Amino acid sequence: MSDNDGLMLMNFTTESGPDNASSHRRVKVTGGKWKERRKLKMKLEGRPLRPKRPAAAVEEAPAAAVPEGSAIEPAAKRPRGRNERAPKDVPPQPANAQVVSSLFTSTRAITTSVNDHERASNDVAPSNAPLLQDTFEALGVRGTLLEHLTGKMKIQKPTKIQKMAIPEVLNGKADLFLHAQTGSGKTLAFLLPVLQTLLSLEQRIDRHSGCFAMIVTPTRELAAQIYGVISTLAQCCHYLVPCLLVGGERKKSEKARLRKGANFIVGTPGRMLDHLQNTKVAREQLPHSLRYLILDEGDKLMELGFEETLKSILEIVHSVACDNTRFPRLPQRIVHVLCSATRQGTVSKLGDIALTDPKVIAASDSTTDVSTVPDQLLQKIAIVPPKLRLVTLCAAISELSRKAPTETTTRTIVFISCADSVDFHYDVFSGLGGSHRDLVPGTVRELAAGSRALPCFSADSPPNTVFYKLHGSLPQAVRVATLRHFSSDAAATRGKHLVLFCTDVASRGLDLPRVSTVIEMDPPFAVEDHLHRIGRTARAGVAGESLLFLLPGEEEGYMEHIRAHHPRGWELLRYDRDLLAPAFAAPVARSDRPTTATDAAWDSNATTWHLNVERRVLEDPSAKDLAIKGYTSHIRAYATHISQEKRFFNVRCLHLGHLAKAFGLRERPKGMAAHRGKPATPKPKQDDARTKMLRMARQAVAQSNSEFNY
């Protein structure tokens, strides 16, 4: 046993003080509430509890002493504690206050002041006009079809693309790629030789003879237009029947028409592939009759993502061998025809897929692949600040309405980037003042006397203006009715100015009669879309105008980007001097109270008109909803420009507040985030294993006791 047995050695410290950390024992307390555990732990460790200061003491605490004569001022007292909540009876302050700003202040400077690509002269020869020295008879169109074409349809001379393409299609020995400007007559270039070939057959044909030609188009509107052209041409041979296959229609009715028989099938890719796969009669007649497969607007077919669908259609068509025993004078193979106004990009890829050793037929004499606009088209460009976009569009439409002749119908197309923005602009121009009547419910409105939509309207004369809207979100029947009304020359439209607000759904292939002006309020998503948009005017040798809106800054560089497509130049307009000042020279009445006409300046009249729109958006919940949807959709659409043009159209360079004013909104852009989508609904909580087992057991017992369980 050692000397230390039974002894305890202890070390004591003689130091004391509050700063000595060893004096506090670390104690672990478990159980109970957090506050109680905290108090008990501090008590056991010997640390004093800090007394809680009342709120009154905080407010009455003296401020820190400030030296006399110092420039530093004492900090202001806080009205309440940091964690103290506001009284419940005080209404919360709005997080998104309204901002009323002037139209003509704080706008971005326009750097382009001189037009370095001025249009030389307006006296130019049309580039897509009919050729006066040639005839259809010399091209091989004869007999009944020639008489109907020149007599009933009043088409006397062929265009350049028709002169070059009709003999090649009649020959039927090679695939063709037709390239020509918009409005040059590509549709008749492939329809006339197909009809002439059928009329020259020795055997009598009718609707039961089979389908001789399939025509694939990217949009329903273009398919309906080609169907109408075939129906008009077939009036001279009533036994030839076309059939239209597009989405939005009843497939049962289309199947019935196919069973009755059709010699021409026109449709969109998806619906046509559906019938080729699921309608037996559509495939049975292919070997004996099908000899022409035509792809119209090939670049748009690829742009809309129809590549795989077209491959499937071609695979089905090519899987059947041609049989010429019934019609020996038909071509020995299927002739493929690809039509497009552009030759670059994805259309060349489609040519590699669909065509075999094609022969390119181009109406242009240029050796380059750059597509150009018609020579007789007068292009105008206006650089407009974002706040002034709406009022400048009003000025442009007002001047067109004021100058429109009352003897003939004038048509104007306004291209906008998205469907929600189309709905907003249609509602503003057709609903401002409330004086209108619906010609087609929801899409066509005729303005009545008393309308304040345009500054050129007077109270003692009818406006003679009809507004339309068209986009892909409308039902198919409504789209067809709207387009038919816009194209008609009936009493409801004769002698009036027809204005169509639309998306790019109306930019491809549509041959709308006498479209005098095209306004691109939103720049196109690609240069090809720009060419097709302005191609709705200046068709078949007729003069036309186009107006393009650009924002100051980066978008001004877009003019250099499209310079090669406008070899004859353009006119550069000033938005204030050339557009706003002439249109708003007349006084504009306020919508909130009756006012007498005064000779105010044009900028005051423009401000009054825009304030009328803002008040309508502020007072009408439905109008405000349209404005917010149009604004947010416009921002999203602006961000979808192709990568090659992002340097001109960068969404980060937009002034969102100024752009919101162009939609009549006074809210800050951040405050409109709640309107961008439907409120999220919480997901239902999933049952655990036990609850799920009990629920299924109860369902089994209830089912066994049911009176229908025999």
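Using the three backbone atoms N, Cα and C, a Cβ is placed for every residue, glycine included.
According to DSSP, Gly183 (ATP binding site) is assigned to coil rather than to any helix or strand. The ATP binding site feature in Swiss-Prot is assigned to Ala180, Gln181, Thr182, Gly183, Ser184, Gly185, Lys186, Thr187; the stated evidence is sequence analysis.
Look at Swiss-Prot and you will find 11-21 tagged as compositional bias 'Polar residues'.
Marked as domain 'Helicase ATP-binding' by Swiss-Prot: 167-361.
What Swiss-Prot lists as domain 'Helicase C-terminal' is 396-588. In the predicted model, the domain 'Helicase C-terminal' (396-588) shows an average pLDDT of 92.
As annotated by Swiss-Prot, region 'Disordered' applies to 1-97 (among others).
Sequence annotations record features per position, and here Swiss-Prot assigns region 'Disordered' to 669-690 (among others).
Among the features that Swiss-Prot reports, motif 'Q motif' is placed at 134-163. If you look at the motif 'Q motif' (134-163), the same-chain residues 6 or more away from its ends with a CB under 8 A from one of its CBs are 128, 170, 178, 180, 184-186, 188-189, 192-193, 195-196, 199, 232-233, 235-237, 361, 363, 540.
All protein chains considered, the CB of Gly185 (ATP binding site) has 24 other CB atoms within 10 Å. What surrounds the ATP site, by Cβ distance within 8 Å of the Cβ centroid and not counting Ala180, Gln181, Thr182, Gly183, Ser184, Gly185, Lys186, Thr187, is the set Asn128, Thr159, Ile161, Ala189, Ala341, Ala363, Gly535, Arg539 from the same chain.
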